[in-house]
Amino acid sequence: MAPLRAVPPDIAQAIADAPWRGGLEPAPQVDVTNAIVVRGRIPPECAGVVYRAGPGRTRLGSTKYAHWFDGDGYVAKVELCAETNTATCAGRYVETSRWLAQRESDGGNGADDAVGRSGVAVRGAWTQASGLFKNLGKFPTNPSNTSVMVHAGKVLALCEGGVPVEVDAKTLATKGEVVFGPELPMGFSAHSKRDARDGTVYTWGLKKPPFIGLSVAKIDAAGKVTGVADMPFPSTPEFALLHDCAMSENYLTFFICPWVLPPANIAGALSGLKSFGHSFEWTNERDTWMVVMRKSDLSVVHAKYIPRFSSYHVCDSYENGDELSVLVCKLRGDRAGLERNFADMYNAEWSSRHYNNLHELKIDIKTGDVLSDTPVIPANANGEKNPSKMIGMEFPAVSPHTKGQRKPKYVYTLANTDGEHGYFDAFQKLNLETKTAETRLSASGHFPHEAEFIPKANANEEDAGYLVHFEYDARRKAANVVIVDAQRFTDMPVAVIELPFHVPYTFHGTFVQA
């Protein structure tokens, strides 16, 4: 592992002011190496590989990218062996065309903090390249930084900015772009949904230029495209940032929030004169556009406006007779304020308004009407700190045994308690039956990533399983992997594994059982 160069003074000061920001620092390139189990034992059900993806670097030397989501993609993996109670790990940048262009421009491999001397080499979705002519006529590039999916025998790094990129399952070396079919849209969602019953994957994304709008597609377990359909819009097709989707047994439900590209901004955004992502604005002149599609043939069941809200993520969806329920994260504050934090993470300050409440929307399948829209449990008001109520949250998870099939009793969320940490510092276990929560606070200086729920073998209880998550350890300036028994949610971890390198905050990932 090459050592990082001196940290620019303004970055060093930002981290000193709020230690969680150290979790944004550039990642190193790490070949497969040993990790150390420093506490407990790895449960047999957790034997396998945890893959995580996120922005490996959000700055090039002293030049910061203009949005967290523009950071260069990085995949980390931890392979857990329960029999020997050992682990190995690795971390590598996804060598996308933009990553290679940056290396060609000024050298560096992601671990060298001197990169960026020549400026930003290519245009990103939010970050303009250094120099007018590097932007003109250039469509934003794909950072491949959001999630990992294993499909059709391939480990894929995903981002809706482009097609999947395959990485080697063992070494994480980049193998190249994967195009399942020419009829697919340009984008391939980082939240593509896999139906566990038959292995079908449902994905969506922006259409290929010069066409405007979104398409939805389904791909079978072998990687064959079996259907593509246009996403309906209220009038004419638009550029829409659609991050997630809810999947039940028979339906896909999409929510397109009114974070829009105004007509006056289109020319600048598409020509390259202006940032594409920063050309979007919130409007109160329209509501949220809901689309429900049948999984069987991608036909549209309903397409209509519902009361507006802002959301990045959904949690789950299930059917009950003529009702379709969706568990969706609804932002407490304003979208523009959230995006300002994302635009400069090293100076971001977080409050409960930057997080979500988890709501249950009940939809009449026959009419498309929203029958009810309520928080799944009572939520803390701004300034309230009751650990048995819902805290401002993100990244919800449920057991795969209930997902898409029936209403879960438990939802696990990543939370910010608005305490001394200043960032995500806790998990909550929301009980949707008792309408209460348990809160698991991280140790000081430990900042958790999204958790993966891994069920216990031969257990009937819904919460019989383990939560496995990465965390940034500010003292070590490195990553840990933490395993928690979901049934003993507030007890000490079942196991803690220390990685010998830093993994910046990841967005999403997957677990592949041995």
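Just so it is clear, glycine is given a Cβ too, placed from its N, Cα and C backbone atoms.
Keep in mind that TrEMBL annotations are predicted by a computer and have not been checked by a curator.
Per TrEMBL, the features are as follows:
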type    : residues               : note
BINDING : H191, H243, H313, H508 : Fe cation binding site
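Cβ neighbour count for H508 (Fe cation binding site) (all protein chains, 10 Å cutoff from its Cβ): 20. There are 19 other Cβ atoms within 10 Å of the Cβ belonging to H313 (Fe cation binding site).
Within 8 Å of the centroid of the Cβ atoms of H191, H243, H313, H508, where the record puts Fe cation, the same chain has further Cβ atoms from T146, S147, S189, A190, D244, Y312, V314, F507. Within 10 Å of the C-beta atom of H243 (Fe cation binding site) sit 17 other C-beta atoms, taking all shown protein chains into account.
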